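What follows is a single structure, written as C-alpha cells, with notes after it.
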Amino acid sequence: MPLVAHTRLPTFERLKQEGQTVLSEDYAFQQDIRELHIGFLNMMPDAALAATERQFLRLVNESNLIAQFHIHPFTLGTLPRGDKAQAHIAQYYDKFEDLQEQGLDALIITGANPAAPHLEDEPFWDGLCEVVAWAQENVTSTLCSCLASHALVQHLWGIRRRPLGFKRWGVYSHAVTMPEHPLVNDLNTRFDVPHSRFNQIDREPLEAVGVQVLVESTEAGVHMAVSPDLFRMVFMQGHPEYDTVSLLKEYRREVTRWFDGTRADYPPFPQNYLRPKAKAILNEYRLEQEKAKRLGKPLPDFPEKLLLPMLHNTWCDTAKVFYSNWIGKVYQLTNNDRRKPFMEGVNPDDPLGLRQQLGI
C-alpha cells in the first residue's frame, strides 16, 4: 500500500531517496483503487518532528504495495513550537478542523516529550482528549504510541501509569499472549521491541477494565493492548517504529547532558542493544569526555560512524507485519465514505466479530 505524495511534505522525498515507493498524485489518480486516509497526530518536540514522520510513514508505506495511503499530519496548537517547526507545520500539516469535516479511516498518535509531573497538566492533554473523542465516533481504528497510550488509558478509564524509579531503556524480548487476534497474525511468537520510558502501565489494571493484552515481555511488561471492543484503539508502550540508530541517538543526547551538567550521573547503556565492541568504544569515549570536562575543553566528537556498523535491528520485520495486519483490517472494515467509521453491518462494539467468537 504505497504512500501518495498528495502534498509537498519533505518526508515524502526523503522516503523516496531511501528507496521507498511513493506515488505521485497524478499517477495515483489513474489507479481505480479506494485510497486509505490516515491521520497522523504528531506531538513530538521540534527536534524530533521530521524524524518521527519518517519512522511512522515508513512503516505504513511498507505494510503493503497494493492500496494507496494519503497521510494527513496534524498537531496541537497548545504544544510549544519554535519558528522553524511552526513554519513546517503551517506549510505541510493539516488542520484538525478540516480533517473532522473530510473524515479519516485510521489515526496514528505519537508520543510526546513530558513536561509536567501529571499527564492531565501536559499542554497536549485537552487537545488530545478532543481528538480521541472525535475519533471514537468517526475513525475505524486509532493506534497510540507510548506516552499517548499512557494519557489515553488514564483519560478513558482512570488508570494512572506507575513510575518505575528508573528508565526502561533498551531492546527487550516479547511474546504474543493472544495469538487468536488478527493483529498479531503471522508475527513471530517471540520478538524484540525497543522501549524508552520512566513509567509503566501493567496488565492487571488494564484487564480490570476489559482492555486485552496482545503482546508482553517478562522484563519490560505490556507492549501492545487493545480496547475492550478489540480493535478501535490499539495501545503500545514500546517503540517498534524506532530506527536502528534511535537508541544510540538517545544515548548520545544523555551523555551530552552529563557533559554540560544538566544530568547528574553518567547514563548507563541501553539494555540488550550494544555489542561488546561497541560498549568498549563508548567506554573509551567516556574517558575522553571525563578528561575534557576536567580540563574545561569542548565535548569530544561522538564516535557514531564507528558504532553504526555494529548495531543490529531485531524488531523492524515484526513491526512491518503488525502494520500490515492493522491497516489490512482497517481497509476491510471502513466505510467507502471516509466520514463514516464502518461499512454497513459492522458492530462498532465488536468490529472484528472476535468478542462474539471468543465469548468475551
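Glycine too: its Cβ is placed from the backbone N, Cα and C atoms.
These numbers come from a predicted model, not from an experiment.
The feature site 'Important for acyl-CoA specificity' is assigned by Swiss-Prot to Asn113, Ala115, Leu147, with sequence analysis given as support. For Cys146, the entry in Swiss-Prot reads active site, acyl-thioester intermediate. Taken from Swiss-Prot, the feature substrate binding site applies to Lys167, Ser196, Arg253, supported by sequence analysis. According to Swiss-Prot, the feature site 'Important for substrate specificity' maps to Ser196. Positions annotated as active site, proton acceptor by Swiss-Prot: His239. Taken from Swiss-Prot, the feature active site covers Glu241.
What Swiss-Prot annotates, mapped onto the structure for a quick look.
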residue	record	DSSP class
Asn113	site 'Important for acyl-CoA specificity'	coil
Cys146	active site, acyl-thioester intermediate	coil
Lys167	substrate binding site	strand
Ser196	substrate binding site	strand
His239	active site, proton acceptor	coil
Arg253	substrate binding site	helix
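By neighbour count, meaning other C-beta atoms within 10 Å, the densest spot among the recorded sites Ala115, Leu147 is Leu147. For the recorded positions Lys167, Ser196, His239, Arg253, a Cα-Cα cutoff of 10 angstroms around Asn113 (site 'Important for acyl-CoA specificity') retains nothing. In this structure the C-alpha atoms belonging to Ser196 (substrate binding site) and the residue listed as 'active site, proton acceptor' are separated by 8 Å. Apart from the site residues Lys167, Ser196, Arg253, the chain places the Cβ of Trp169, Leu247, Glu250, Tyr251, Glu254, Pro267, Pro270 no farther than 8 Å from the centroid of the site's Cβ atoms, the recorded substrate location. With a 10 A radius on its CB, Ser196 (substrate binding site) counts 18 other CB atoms from all the protein chains.
Burial estimate for the recorded positions (Asn113, Glu241): highest at Glu241, by number of other CB atoms within 10 Å. Neighbours of Lys167 (substrate binding site), defined as other CB atoms within 10 A of its CB across all chains, total 17. Nearest neighbour of His239 (active site, proton acceptor) by Cα distance, taken over the recorded positions Ala115, Cys146, Leu147, Arg253: Cys146. Of all the recorded positions in the list Ala115, Cys146, Leu147, the shortest Cα-Cα distance to Glu241 (active site) is found for Cys146.
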